Structure formats: structure tokens, C-alpha cells
Amino acid sequence: MNRLEIENQLWEEGYESIAGCDEVGRGCLFGSVLAATVILPKGLLIEGVKDSKKLSPKRREELYEVIKKNAIAMGVGIISAEVIDQINIRQASRLAMKKSVLSLTTIDGESKIPDYILVDAENIDIAIPQSAIIKGDDRSQGIAAASIVAKVIRDRLCIRWDEEYPNYGIAQHKGYGTKLHREALLKYGPSELHRRSFLKKILK
């Protein structure tokens, strides 16, 4: 599969700066949802970049450094569990994506606006040409790169959250609803970073 096929078509149409955008943590019971947007140089193909869920943590970390080194610009958007409970997870994910696009920054600290955005199966409320690509992290290198950046940054946050809330095993399951996590919730109750709207069936 040519992971630049979609990007190549857009470059041929005259779009120069093409961003990939993806989110991580949508299905978690705990913590923020996080999105990343990445703009890579025209024509650059990075070996091994694919959907972050198909990579080992070690390989994700390695590729994160390669992406960071080569990216024209990167941006991250984070939406808290509290806001997720207020506006629902889909809207929170879209807001995180929008924030990640608006926070795109070059290595020199300058803001960057892309000509076009490729988004993993979602539309962003922003006045920039875009396409929602189903299974985008498999079909577009830009979206796959964004998925890796988002996953690495959120996993690092999970390690920090685990130190603050040691009863739940967050570093191990990253906030997802594993048996260990559900049992800890029943034993200790939810922390302030748990998504109350996700816990109704567990804590009924």
C-alpha cells in the first residue's frame, strides 16, 4: 500500500502544505482525549509509519522522534475528562482535533496553517479544506504520523497520571476499561480524572 497516495493526489492538485490529524483516548474511562496534527515535507516517506495501534511502544517512541525531527510543524490538542462529560466524547474529540490544528507550530516556534487537512474518519469545525478518511491511519502517512504522536504523548501523560492516582493501574492499561481497571473502580471509586459519563454501567 502506498501511504502517500492520498497526499500525492493533493500535491498534484496544488495543495503544498498537507496536514494529517488523528486522536487517541476516545474509548478510555480515564483522562483526557488527545489529538495531534502533523505536517511532513512534500514527498517524504518515513519507513515504518503506520497506525499507532499496530506498533510496539518502543517502535512508537522511535518513530515519534523521527517524525518530530522531520516534521515541518506539529500541534497537540487536549480536552479534559470534565469537558468530555459536559459535551460528549465525539464533540470533545473534534474539539481536540481543532485545537491541535490551531496549535500547529514549526521548529522555530512559528504558527503554521496547512493548505489541506487529512483527518481520521472525522470532520473538524475549521475553515480549512479537509477530507475525513475512513481507516485513515492505515491509508495516509500523515494521519498515521499524527496517530503515533498523539499516542506517545498521551501514554507519557498516563505514566504521570499513574503517579498521581496509583490505585488504578493507569500506566498499564492507559485508562481503558480493562478488568483490572473496572475492579479498581469498584474498590476505590472514581478519581477526579475519570469520565463520569463513561462509568454509569460499571458503577450502577
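Positions of Cβ are set from backbone N, Cα and C atoms, glycine also.
The feature divalent metal cation binding site is assigned by Swiss-Prot to Asp22, Glu23, Asp120. There are 33 other Cβ atoms within 10 Å of the Cβ belonging to Asp22 (divalent metal cation binding site).
The domain 'RNase H type-2' annotation in Swiss-Prot covers 16-204 and rests on sequence analysis.
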Asp22, Glu23, Asp120 excluded, remaining Cβ within 8 Å of their centroid (divalent metal cation): Cys21, Val24, Ala35, Ala36, Ser93, Met97, Val119, Ala121, Glu122, Gly136, Asp137, Ile143, Ala146, Ser147, Ala150
Other CB atoms within 10 A, centred on Asp120 (divalent metal cation binding site): 27
